[in-house]
Amino acid sequence: MEGECRVLSIQSHVVRGYVGNRAAMFPLQVLGFEVDAVNSVQFSNHTGYAHWKGQVLKSQELHELYEGLKVNDVNKYDYVLTGYTRDKSFLAMVVDIVRELKQQNSRLVYVCDPVMGDKWNGEGSMYVPQDLLPVYRDKVVPVADIITPNQFEAELLSGRKIHSQEEAFEVMDMLHCMGPDTVVITSSDLPSSQGSDYLIALGSQRMRKPDGSTVTQRIRMEMRKVEAVFVGTGDLFAAMLLAWTHKHPDNLKVACEKTVSAMQHVLQRTIRCAKAEAGEGQKPSPAQLELRMVQSKRDIEDPEIVVQATVL
């Protein structure tokens, strides 16, 4: 029997829908992981709806929760997973917790989605306070092992713009030098040979040989765009990448193929259901576009590969 693998996931929580911990816990549990969730916020629903209500966890409250685990000697983890955060002091507290957990378990893997912003029509903009960037760059990324920025976030962290695949890999090398051995740029506006209906994702994994030298595996994936606005996809991606890199630690190609293929199955099912609910010619609402997670259990568990990665 395989040993227990436990994840501490510090993310947002919604009562209705699938973002943050709600998007991460189910797939991780389906794939055999124990998940301990700290809810950085508790909202009625995600903020893409017309209204939402709820509470935000303060950094001191995060510290209290962690201390509770510590005094009971149950703060033993194999992975830490974090996503969207708006507060600088909360993010700094996360770093303190990760550092302490790594002192206890030097093999702990920290998976971080450095959520800061995105590009729309070629223009990048941040949707978190700007004072989070130096915390991510100088404190979070150096303790992270796997990071999943989009192109804009990779540019922010490295201080360099990406105009080509070559420049993207130069940026990823810079990010490797900052700390993480695995960097996946989850989406970019780089051109696809298959046309403008496709998004490019890039992955780079630095592996250490027994003699101390390193070898880097690089991959490229082309994914068909889905014409809808989904929320929670980045959280789902990071959780599944955690799971599949655990199961395929030296094969980023397979880990990314399984992650992205499962994502495609979830998104296609979601858009089919949303369109059917909305009715012909009607635009689906945020509630109708909530990820069909439970219905996609089999695809999450054993995804049919529908997106191939090219090793470069």
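The count begins at 1 with the first shown residue.
Quick reminder: no glycine exception, Cβ is built from N, Cα and C everywhere.
As annotated by Swiss-Prot, N-acetylmethionine applies to Met1, with the evidence given as similarity to another entry. Annotation source Swiss-Prot lists pyridoxal binding site at Ser12, Thr47, citing similarity to another entry. As annotated by Swiss-Prot, pyridoxal 5'-phosphate binding site applies to Thr47, Gly234, Asp235, with the evidence given as similarity to another entry. Residues annotated as phosphoserine in Swiss-Prot: Ser59, Ser164, Ser213, Ser285. Taken from Swiss-Prot, the feature Na(+) binding site covers Asp113, Thr148, Thr186, and the record attributes it to similarity to another entry. Look at Swiss-Prot and you will find Asp113, Asn150, Gln151, Phe152, Glu153, Thr186, Ser187, Val226, Glu227, Ala228, Thr233 tagged as ATP binding site, backed by similarity to another entry. Positions annotated as Mg(2+) binding site by Swiss-Prot: Asp118. What Swiss-Prot records for Asp235 is active site, proton acceptor, and it gives similarity to another entry as the kind of evidence.
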Candidates Asp113, Asp118, Glu153, Glu227 (binding-site residues); min other-Cβ count within 10 Å returns Glu227
CA pair Ser285 (phosphoserine) / Asp235 (pyridoxal 5'-phosphate binding site), Å rounded to integer, equals 20
Residues that sit under 8 angstroms from Ser164 (phosphoserine) by C-beta distance, when 6+ apart in the chain: Leu190
Max CA-CA distance, Å, over listed ATP-binding residues Asp113, Asn150, Gln151, Phe152, Glu153, Thr186, Ser187, Val226, Glu227, Ala228, Thr233: 23
Take the mean position of the Cβ atoms of Thr47, Gly234, Asp235, the recorded pyridoxal 5'-phosphate site. Which other residues of that chain put their Cβ within 8 Å of it? Ser12, Val19, Gly20, Ala23, His46, Gly83, Tyr84, Val115, Val231, Gly232, Thr233
Which residues in the same chain, at least 6 apart in sequence, have a Cβ under 8 Å from the Cβ of Thr47 (pyridoxal binding site)? none
Could you find out if DSSP has Ser59 (phosphoserine) as helix, strand or coil? helix
Secondary structure at Ser187 (ATP binding site) (DSSP, helix/strand/coil)? strand
Considering only the recorded positions Ser59, Gln151, Thr186, which residue has the minimal Cα-Cα separation from Gly234 (pyridoxal 5'-phosphate binding site)? Thr186
Other than its own, how many Cβ atoms are within 10 Å of the Cβ belonging to Thr148 (Na(+) binding site)? 28
